[in-house]
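Student: First the structure, which I've put down as structure tokens, then a few questions once you've had a look.
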Amino acid sequence: MYNKLLLAVDGSENSLRATEEAVKIAHLCTECSIDVVFVADHSKTKSEVLHAQGKEELNYERRKKILPVESNLQENKISYTLYMLHGDPGSIIVEHANNESIDMVILGSRGLNALQEMVLGSVSHKVMKGAESPVLIVK
Amino acid sequence: MVDKIKKEWFSNIRADILAGIVVALALIPEAIAFSIIAGVDPMVGLYASFIIAVTISFVGGRPGMISAATGAMALVMAPLVREHGLDYLLIATILTGVIQILFGVLKIAKLMKFIPRAVMIGFVNALAILIFMAQVPHFVGISNLTYLFVAVTLLIIYVLPRFFKAIPAPLIAIISLTAIALYTNVELRTVGDLGVITQSLPEFFIPNVPFTFETLLIVLPFSIALAIVGLLESLLTASIVDDMTDTESDKNKESRGQGIANVITGFFGGMAGCAMIGQSVINVKSGGRGRLSTFVAGSFLMFLIIVLGELVIQIPMPVLVGVMIMVSIGTFDWSSFTYLKKAPRSDAIVMLVTVGIVVATNDLSKGVIAGVILSAIFFVSKISKLTVTRELRNAKDMYIVEGQLFFASTEDFLKSFDFNVENQEITIDFSNSHIWDDSAVGAVDRVILKFEEKNNAVKIIGLDNPSKEIFHKFTLKSNID
């Protein structure tokens with residue numbers, strides 16, 4: 001069944017809810033593994049580099065965002081691999097899903113309104129369109 | 001070696017060429033606008049962008065980064081051009097390059113860690129504000145049509161990309177609005193009104209200045225400021241590109257490379273430049289990763305000017321202003337507002353002072369230097385907080401020292417003791433303290449001597465090993481262990 005899941009996280013509340021759902025699905029089969037994908041958004045890099053005192057702090061801050069997700073997976077004894085990638089979140093998630101033959105992509109929706117979506121663009125929409133596998137959007 | 005060249009130049013050929021073309025198109029309006037800020041002909045900025053980008057693609061330390069004529073440098077050099085003219089700017093540019101090569105050889109990039117982030121945030125915000133302010137004379141109070149063109153330019157730049165991304169929106173704005181302005185024959189100032197565009201390659205020449213000590217005194221302060229500002233923006237940009245591409249870069253090589261590029265551009269009639277945050281981000285986002293992208297950006301820019309120079313001078317100023325307003329909005333760090341609320345008060349003040357001094361002096365280097373000094377003072381005053389509490393233990397006097405004991409905290413330290421006691425056994429506990437320098441040891445000595453004058457016996461306890469070492473090195477009281 002769904003043996004290889006991709007869980008896209010950004011450290012937000014929504015990605016924590018997505019993690020809960022991923023845990024449920026992972027429990028359905030015995031040899032399930034999850035690719036946890038965090039994308040450092042290129043559009044935010046300037047501001048993040050500016051606000052961090054050096055490379056180490058920047059990577060630490062990002063890692064800190066995913067810690068709740070990791071501890072949830074560890075508690076539930078689910079095997080996972082963490083990918084810290086860089087680029088446009090939508091495109092990178094799609095690329096990873098299609099290259100790694102993922103069975104299902106799981107991600108949280110940011111719940112933007114129509115105007116925000118026009119300005120910021122919707123990651124979940126992009127993933128839904130681009131990924132070859134089923135996509136579960138958790139709200 | 002061959003493998004490295006192959007990887008840095010030819011591992012991403014198609015995307016590098018495309019990204020380089022996108023960057024070249026975005027560079028042209030900026031190079032022209034920055035020339036206008038510096039007070040020189042557009043060709044000076046365009047030649048600089050061509051030569052610097054092409055040179056840095058060979059000698060830079062950060063593949064995929066774009067260097068060219070920049071706003072930060074243009075702002076610093078403007079007073080020099082105003083008072084002494086172009087030839088002095090070219091000599092200053094060459095000298096800037098020499099200083100930056102020295103920076104690279106002396107590995108000054110390492111010192112970047114001493115520049116607090118509050119100062120860096122202040123630096124980019126001040127830069128954004130200055131770029132915006134430089135546009136004001138070109139659109140405020142000229143004509144209603146000018147306002148209209150600026151507004152339409154901004155509208156195209158910000159709305160169009162939501163529907164259509166293949167061609168950069170600023171370019172669409174420039175082409176369509178220039179066409180409209182030409183077709184309708186409206187009264188608008190154009191780039192051509194502010195300078196000449198020559199459709200030829202740059203030529204080597206030695207700037208026409210007297211080679212005297214006096215000339216050196218005129219250009220040196222500018223060259224130092226340019227070297228600092230250029231290195232700062234280049235290293236910040238390199239860190240951004242490092243993170244975006246998840247790779248490392250050689251910061252000292254980059255500093256040397258910037259220097260070499262500036263020396264060469266000075267001899268070919270171009271103004272000093274450095275790495276550009278905005279353009280480098282555009283390059284990486286467009287897929288540029290290798291040295292080839294930077295090379296294409298520079299050479300395609302020159303090609304466009306030679307082919308299309310006549311059209312470039314027809315660009316209406318308000319359209320260029322609109323593009324530069326976008327650049328300043330993109331440069332500003334909008335998360336600064338949350339930073340001001342969340343960061344420690346002293347950091348917020350350092351950031352605001354950096355911005356304030358730059359805006360007041362029009363010189364980014366002054367703001368940075370003031371910001372660094374101010375944050376050093378804040379740091380010293382924060383760390384010099386020292387408390388000494390007095391306790392009675394078994395009817396004996398006991399002083400507990402907490403905090404760092406060094407030149408800035410010795411005064412508080414000395415004031416904390418009651419020297420009126422006589423014939424007592426007094427203990428001073430340093431378990432929660434650290435002794436840093438000879439003035440700290442001197443202060444401890446003075447306390448002991450003062451107590452001993454009135455026949456008290458003083459015991460020092462709790463010194464950690466490094467404190468003990470420095471204490472024994474400087475103390476006059478050899479009877480303390």
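The backbone N, Cα and C atoms fix where each Cβ goes, and this holds for glycine too.
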Student: With TrEMBL as the source, identify the stretch among B:19-42, B:259-282 annotated transmembrane segment.
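Tutor: Range annotated as transmembrane segment by TrEMBL: B:259-282.
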Student: May I ask whether the transmembrane segment (B:142-160) has at least three C-beta pairs under 8 Å with the transmembrane segment (B:167-186), counting pairs 6 or more apart in sequence?
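Tutor: They do touch: at least three Cβ pairs between the two stretches lie under 8 Å.
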Student: Are the transmembrane segment (B:216-238) and the transmembrane segment (B:349-380) close enough to be called in contact, which here means at least 3 C-beta pairs under 8 A that are separated by 6 or more residues?
Tutor: yes
Student: Based on DSSP, tally up the residues of the domain 'STAS' (B:398-481) by helix, strand and coil.
Tutor: 32 helix, 24 strand, 28 coil
Student: Could you pull out which residues elsewhere in the chain have a CB under 8 Å from any CB of the transmembrane segment (B:43-60), counting only those six or more residues past its ends?
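Tutor: Answer is 27-28, 31-32, 34-35, 66-69, 74, 86, 89, 195-198, 202, 253-254, 256-258, 260-262, 264-265, 268-273, 291-292, 294-295, 297-299, 301-302, 305.
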Student: Going through B:118-136, B:142-160, B:259-282, B:294-312, B:319-337 one by one, which has the most CB pairs that fall under 8 Å from the transmembrane segment (B:349-380)?
Tutor: B:118-136
Student: Let me spell it out: take the transmembrane segment (B:142-160), skip the flanking residues so only those 6+ beyond its ends count, and list any with a Cβ under 8 Å from a Cβ in it.
Tutor: 169-170, 172-173, 176-177, 181, 186-189, 316-319, 321-323, 325-326
Student: Between 0 and 100, where does the mean pLDDT of the domain 'STAS' (B:398-481) sit?
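Tutor: Within the domain 'STAS' (B:398-481), the model's average pLDDT equals 87.
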